[in-house]
Amino acid sequence: MENGLSSFWGPVTSTDWCEKNYVYSSYIAEFFNTISNVPGILLALIGLVNALRQRFEKRFSVLHISNMILAIGSMIYHSTLQHVQQQGDETPMVWEMLLYFYILYSPDWHYRSTMPTFLFFYGALYAVVHALFRFGFGFKVHYIILCLLCIPRMYKYYIYTKDVSAKRLAKLYVATLLLASICWLSDRVFCKEISHWHFNPQGHALWHILMGFNSYFANTFLMFCRAQQREWNPKVVYFLGVFPYVKIQKPKSQ
């Protein structure tokens, strides 16, 4: 890593990753870490179009939009390696997990207004605190805790879902998450060793790509489960035989 390298954006003030800076352009600090967010944006756009076309609840449109915002924020962060832009990447990560928490737990929440109100103020307070203080390890611990809080509900949805194709989506979600985590850890822990290799496998860029698919699989699975709850007769169908999405059939009264 080339800490403090001067460029169009100035010296590096954010967390630097295991990719040489400004190799391909003076305007893009980490080229592969930047462009690797494109698949996530496209996948979120596909999910958004499907959610709007079939008139899913607004929560899913917001979820897909949040995925796009997160990927765009990551692009800006990795292209500049500036502290403010890093915060602009990390804060939406927390907001996105709060949204997942709402989608997962709200169907069984008896007081409808309390959960979104609490999550909104929690997200707003976190944004202010994160803007004032520079979190490092604390951010990672906080984010992992939010992720862990979602796992029990995801598992409950999985065991209560009988559809084989929907279960396959959940398995793909777990598989991509594990592979992405391995890539992230390898890039972070073994950076010194990787820097001496003739070829950098770009573990953090692979993390972005895999997490783009991970979010898509998670969103599609949750859309299927929600459609089941609403009795919309959901089915997982495949575009061109390989790309999964949820197709529903609402009762005429809806």
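Placement of Cβ uses the backbone N, Cα and C atoms for every residue, glycine included.
Any TrEMBL annotation is an automated prediction that lacks curation.
Just so it is clear, the model here is predicted, and its values are computed rather than measured.
The annotation Ca(2+) binding site is assigned in TrEMBL to ASP16, TRP17, GLU19, ASN21, GLU30.
Taken from TrEMBL, the feature transmembrane segment covers 31-49 (among others).
Residues 9, 12-14, 16-17, 21, 27-30, 33-35, 37-38, 40-41, 43-45, 47-48, 51-52, 88-89, 92-93, 95-96, 99-100, 103, 208, 212, 215-216, 219, 222 of the same chain lie 6+ residues outside the transmembrane segment (61-81) yet bring a C-beta within less than 8 angstroms of a C-beta in it. The transmembrane segment annotation in TrEMBL covers 61-81 (among others).
Per TrEMBL, the feature Zn(2+) binding site maps to HIS78, HIS204, HIS208. Counted within 10 Å of its Cβ, the other Cβ atoms near HIS204 (Zn(2+) binding site) come to 22, all protein chains included.
Taken from TrEMBL, the feature transmembrane segment applies to 93-111 (among others).
Residues 15, 83, 87, 90-91, 94-95, 98-99, 101-102 of the same chain, all 6+ positions outside the transmembrane segment (118-137), place their C-beta atoms under 8 angstroms from a C-beta of that stretch. Taken from TrEMBL, the feature transmembrane segment applies to 118-137 (among others).
Remote same-chain residues near the transmembrane segment (143-160) are listed as 90, 93-94, 97-98, 100-101, 104-105, 167, 170, 173, 218, 221-222, 225 (criterion: CB distance under 8 Å, separation of at least six residues from the stretch ends). Sequence annotations record features per position, and here TrEMBL assigns transmembrane segment to 143-160 (among others).
The annotation transmembrane segment is assigned in TrEMBL to 172-190 (among others).
Same-chain residues lying 6+ beyond the ends of the transmembrane segment (205-225) with a Cβ under 8 Å from its Cβ atoms: 19, 32-33, 35-37, 39-41, 43-44, 46-47, 50-51, 56, 60, 63-64, 67, 71, 74, 100, 103-104, 154, 157, 161, 163, 166, 169-170, 172-173, 176-177, 179-181, 183-184, 187, 234, 236, 244-246. Residues annotated as transmembrane segment in TrEMBL: 205-225 (among others).
Same-chain neighbours of the transmembrane segment (93-111): 59-60, 62-63, 66-67, 70, 119, 122-123, 126-127, 130, 142-143, 146-147, 149-150, 153-154, 157, 218, 222, 226, 229, counting only residues six or more beyond its ends whose CB sits under 8 Å from a CB of the stretch.
If you compare Cα positions, ASN21 (Ca(2+) binding site) sits closest to HIS78 out of the binding-site residues HIS78, HIS204, HIS208.
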